[in-house]
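Copied over from Swiss-Prot:
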ACT_SITE  Glu175  active site, proton donor
ACT_SITE  Glu276  active site, nucleophile
BINDING   Tyr106, Ser133, Glu134, Pro135, Ser136, Thr137, Ser138, Ile139, Ile140, Arg141, Asn174, Tyr308  (1,3-beta-D-glucosyl)n 1 binding site
BINDING   Glu175, Asp216, Arg221  (1,3-beta-D-glucosyl)n 2 binding site
DISULFID  Cys88-Cys117  disulfide bond
DISULFID  Cys230-Cys363  disulfide bond
DISULFID  Cys248-Cys279  disulfide bond
DISULFID  Cys384-Cys437  disulfide bond
DISULFID  Cys393-Cys464  disulfide bond
DISULFID  Cys412-Cys419  disulfide bond
CARBOHYD  Asn51  N-linked glycosylation site
CARBOHYD  Asn69  N-linked glycosylation site
CARBOHYD  Asn179  N-linked glycosylation site
LIPID     Ala512  GPI-anchor amidated alanine
REGION    493-513  region 'Disordered'
SIGNAL    1-19  signal peptide
Amino acid sequence: MKFSSLAAATALVAGSVVAADLDPIVIKVGVRSALIPGWPKGGSKFFYKSNGTEFFMKGIAYQQEFSTNGTSSDKNNYQDPLADVESCRRDIPLMQQLQTNTIRVYAIDPKKDHKQCMKLLQDAGIYVVADLSEPSTSIIRDDPKWDDVLYTRYTSVVDELAQYSNVIGFFAGNEVSNNSTNTDASAFVKAAVRDMKAYIKQKNYRSMGVGYATNDDAEIRKDMTAYFNCNKQEESIDFWGYNIYSWCGDSSYTESGYDKVVEEFKTFNVPVFFAEYGCNEVQPRKFTEVQALYGDKMTPVVSGGIVYMYFQEENDYGLVKIEGGKPKKLPDFNSLQKQISKIKPSGVQMDSYKPTNTALSTCPKSSTWKASVKLPPTPNKDLCSCMVKSLSCVAKPSVTGKELGKLFGTVCGSDKDACKGITADATSGTYGAYSMCSPSEKLSFAFNQYYQHQSAKGNGANACDFGGAATAQKSEKPSGSCANLVDQAGQDGTGSVTSAPGSGGNKPDQGAASTISAPSVNLGIVKLGAYIFCAVLAGAGMILI
């Protein structure tokens, strides 16, 4: 729904190829500690790595507004705040006036150069928490998927930001499931959490957390929290961001429900912080919640928060208005500055911290929670490429957009068995091995399955056409690592592929990604099941049966 930020600290004298490194922030995380190299054992707090002082986020969401909350968007013209050096030079001094030690950015372009802005942030003692998605490449709540395109986007952001010591971690999703009608989408986000954690470990990057930012929906809040922190450590979040706007004007600890937040998370085993906060129903905002957030009742449980947001936009949440390239402080800025200057959060030292909350949560089983504990498979480009090369009938490269959706409806409506290997059902936890491939690759698999089934009946002569959308190709018999991958997937694509991406058919190391099932099928328009249903009603039997 909105944006947020993370934490800051003291700079080390030690140099780096990019800039003088800030003291990394580490997480004391109980059951996770044994599996995350470099992270101390036990607990649910952020600490400065060198001196062990507890770290509380005093953050600001820093990005021009766009939607990253699980809704569809074709926009790709977002502004990367970490690549705009002049804006960084202009804005960071104002952030320092608010004692900012963390910013949250919602979308960066991994192809751009971020060295100068990250250097300016490091020099100012400011850390970064970055969302992995961008407006046109994110997990959509009403048509979720976890595929090659998303995997490539997410890993490219990790690759780009891993070089900076002032990056605390990443959000794999922001308010994707936001009510009881779309909880199944959380399975795809949790698969992204699992795979990014495994990727960071596989690349031998320094310790960086992968978390999720949730909205404050009373109906699904508890189930959501439990789901992202249950079953297996390697697929559970490393920190939990809470977008909360319940404290408006001169509210109170109890009236706002902050007391319930503390009660709910007092035994949680990973750090919790407000990923967005700052109700604007009363203006100018008074930010009196700052005293509660950093006071003695909340700091034992909540590790600070991120104010939404720096820039003044149409939504009227801004601290600063940019006019003619120059910043103008708004009344909200002055209110926040006044409140933040009063706080002195008291924490604990890492060495003396004795956590008792180390267990994972129990997975939700309520009637309103539809996401299975069985997650979509890890995207595997090698598997998809090997599969397409092995086919005799494939989709033409010219088939795109809405035509893809219609063709899925046609082939799956005519032969449901042809689509078993590409469908994904996050409620039942059933995923085809190729459900994480690109739409074109999935359509090629379905076309070929239909063609093979018709050929077995003696009807193959015209079965690879689909109105000119399909074409025959000379198939390649899989060999070597390709043979291993395709064999694991099975002839109909319903097998379980246990090879990690790029591993050439080898199983992942212990503690890396969990058994690969297969991410969801997103056709980009409507879910595949709906296409099948509509195609059957429309009489897709015009094709040979």
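Backbone N, Cα and C define each Cβ position, glycine as well.
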Based on Cα coordinates, which of the following recorded positions are within 10 Å of Asn179 (N-linked glycosylation site): Arg221, Cys230, Cys248, Cys363, Cys393, Cys437?
Arg221
Conformational class of Asn51 (N-linked glycosylation site) under the three-state DSSP mapping:
coil
Of the recorded positions listed as Cys117, Glu134, Ser138, Cys437, the one whose CA lies nearest the CA of the residue listed as 'active site, proton donor':
Ser138
Taking residues Tyr106, Ser133, Glu134, Pro135, Ser136, Thr137, Ser138, Ile139, Ile140, Arg141, Asn174, Tyr308, which bind (1,3-beta-D-glucosyl)n 1 in the record, the widest Cα spacing (Å, whole number):
23
Same chain, not part of Glu175, Asp216, Arg221: whose C-beta falls within 8 angstroms of the C-beta centre of the (1,3-beta-D-glucosyl)n 2 site? Give them in sequence order.
Asn178, Thr214, Asn215, Asp217, Ile220, Met224, Tyr242, Asn243, Ile244
Within 10 Å of the Cβ of Tyr106 ((1,3-beta-D-glucosyl)n 1 binding site), how many other Cβ atoms are there?
29
Across the record's (1,3-beta-D-glucosyl)n 2-binding residues Glu175, Asp216, Arg221, the largest CA-CA distance in angstrom?
11
Radius 10 Å, atoms counted are CB only; among the disulfide-bonded residues Cys88, Cys117, Cys464, which position scores highest?
Cys117
